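Right, one structure below, let's go through it.
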């Protein structure tokens, strides 16, 4: 059945998920992942090269952080932004790469295809706020802005909170939205894990930097007295 008002066959779990007008993806998983990895490498490489040539005397850690924030900012704005503002992506017939991305990712979490309200809320905040702020962080690190560490901690905490909500709501709803263990661990677990351990490390680093700076100020004040 392929009419708008009837149930259309789809590969997602649960099988009775109502997706009227569903159009199966036509781009292979390897092609989708390959394009994403290639584009990510380009963004990271350009940021790394630019941070070494345009900006001087930046530590390797700061340059790596600029690469992360550029990568995650572009991902939030383009990939997740498309999902938020394209409610009918599963009906797309044009083989648009971004719609194919979400048709494929929904195999690991069908709540995306179902337009779960919690998912839309988390992704909306991520795309509209955290995406642009991530790119601002690239600038803040490059210019050694005083707010750099605070901004990095704030965005990282937002990413950790969003990821926590993402996983917790899934568990509360039964944690059964993947087609198979392969998609569950590849997409749902592995792909999202980067937004757990990297933000955690950034928060720890930023906390230490701020505490060290505060300690220096305390020592200076003590000497003046």
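Note that the numbers count up from 1, one per residue, in the order the chain is shown.
Glycine is treated like the rest: Cβ placed from N, Cα and C.
Please treat TrEMBL annotations as automatic predictions, because they have not gone through curation.
What you are looking at is a predicted structure, and each value in this text was computed from that prediction instead of being measured.
Taken from TrEMBL, the feature transmembrane segment covers 32-52, 64-85, 119-142, 149-172, 184-204. The domain 'EXPERA' annotation in TrEMBL covers 61-203.
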Summary of DSSP states over the domain 'EXPERA' (61-203), given as helix, strand and coil counts: 110 helix, 0 strand, 33 coil
Taken over the domain 'EXPERA' (61-203), the model's mean pLDDT: 97
